[in-house]
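Structure first, then comments.
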C-alpha cells in the first residue's frame with residue numbers, strides 16, 4: 001500500500017460524517033511521504049522542535065508548537081509517543097512511529113478525541129508493522 005493510500009483511506013476517512021481538515025505522514029527528517037491536499041507546509045525548524053519534544057517531553061510546552069507558522073498550545077499527550085496541540089476551535093495530533101510522524105489537523109465540529117483516534121490508530125498499526 002502506498003503512503004498516499006494511508007493518507008487518503010485511513011487518515012482522511014469519514015468519522016460520524018466528519019473528516020480531518022488535513023493530514024500527512026512525514027519522515028523524522030521532515031520529508032513529506034504523503035499528504036492531503038490542504039496540508040500546510042512545515043518549516044524545518046518546526047520539525048526539529050517536534051522531534052526534540054518527542055526526545056525531551058515538555059520541550060515545546062513553554063513556547064507552544066508551531067506548524068506552518070501557526071502557534072498551537074501544547075496539551076497533554078503521551079510523552080515520547082504523541083503530541084497534541086490546540087488552536088482556537090481546532091487542533092493537531094502527532095503520533096511518532098519508528099520512521100515517521102503521523103499528523104492530523106482538525107477543526108470543529110470534529111472533536112479532539114476523534115482526531116486522536118484516527119491518527120493514533122494508524123500510528124499504532126505502522127508501529128506494529130515495524131515502520
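For all residues, glycine too, the Cβ spot is worked out from N, Cα and C.
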Segment assigned the feature motif 'Involved in PIP2 interaction' in Swiss-Prot (from 47-63, 64-80, 81-97): 81-97
Those residues of the chain, 6+ apart, with a Cβ under 8 Å from that of residue 115 (disulfide bond): 20, 91, 92, 93, 104, 105, 106
Inter-residue Cα distance where the pair is residue 111 (phosphothreonine) and residue 13 (disulfide bond), in Å: 14
Residue 111 (phosphothreonine) in three-state DSSP notation: coil
The motif 'Involved in PIP2 interaction' (81-97): DSSP-derived helix, strand, coil residue counts: 0 helix, 13 strand, 4 coil
